[in-house]
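Here is the structure we will look at, set down as structure tokens.
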């Protein structure tokens with residue numbers, strides 16, 4: 001035989017038992033204890049709570065048998081799980097549950113992970129629980145704050161007993177947990193956009209050495225005009241034609257007159273005396289004169305002489 005009875009449920013605030021809210025046990029009337037004792041049920045006493053109207057099922061233990069007849073007091077979080085209101089009817093049935101070996105928990109908020117030692121707080125809170133059911137949301141009270149935790153998975157069955165058993169506990173990421181956003185790599189622009197943004201490259205001007213204009217210090221116009229420099233730069237230099245002729249008398253006299261007047265003249269013959277320039281001119285004329293052909297050597301071309309006289 002088994003124990004099965006219907007009761008009206010009320011939250012724990014109706015009775016001076018605050019420890020009920022932070023656990024998973026209910027308070028039943030004394031008549032339930034007499035009935036259970038006569039059935040010789042297994043201990044610890046575990047019960048299945050069901051709400052047929054909402055098709056919700058949960059499991060719990062019993063704390064005391066001091067409630068009024070026909071009534072039970074249960075934690076408010078348990079009434080929320082089963083969608084029960086004050087005075088609603090709930091069916092209570094005794095059950096035997098296997099000892100749990102594994103349970104997976106998922107906090108509703110990341111605040112629970114900010115506790116200095118959440119494992120110790122959870123172990124202390126679960127001492128007030130006799131069993132756990134997959135799909136329930138239990139409440140953990142700490143430092144005047146309530147933390148709700150979902151029972152995601154239990155082994156070896158959907159409802160397990162956690163009394164005097166070694167149970168492995170695993171945590172899932174909180175419901176409001178968000179992964180940190182990864183930095184987005186800059187997207188390279190297309191070829192068309194890059195071509196539009198890039199300005200047309202102007203050709204760099206080539207270097208033209210010695211492209212200036214010579215000027216005289218006395219302000220007179222310059223007779224000699226330098227040949228135009230090609231755009232190819234120093235590679236296409238034109239050879240300088242050096243004259244080999246003798247400088248004219250006018251130029252020599254003009255240079256001597258400039259030196260006598262105390263004016264600066266830029267030229268190759270400024271620092272040379274007229275004598276030196278005349279010597280160089282004479283050498284140049286000698287080099288330009290055609291060389292006379294030397295007579296060929298003719299053997300035995302001498303005259304005959306007689307010893308007799």
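For all residues, glycine too, the Cβ spot is worked out from N, Cα and C.
According to TrEMBL:
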COMPBIAS  243-262  compositional bias 'Low complexity'
COMPBIAS  273-296  compositional bias 'Basic and acidic residues'
DOMAIN    3-98  domain 'Ubiquitin fusion degradation protein UFD1 N-terminal subdomain 1'
DOMAIN    99-174  domain 'Ubiquitin fusion degradation protein UFD1 N-terminal subdomain 2'
REGION    195-309  region 'Disordered'
Average pLDDT across the domain 'Ubiquitin fusion degradation protein UFD1 N-terminal subdomain 1' (3-98), rounded to a whole number: 91
Within the domain 'Ubiquitin fusion degradation protein UFD1 N-terminal subdomain 2' (99-174), residues counted as helix, strand or coil by DSSP: 14 helix, 34 strand, 28 coil
Counts of helix, strand and coil residues, the domain 'Ubiquitin fusion degradation protein UFD1 N-terminal subdomain 1' (3-98), according to DSSP: 22 helix, 37 strand, 37 coil
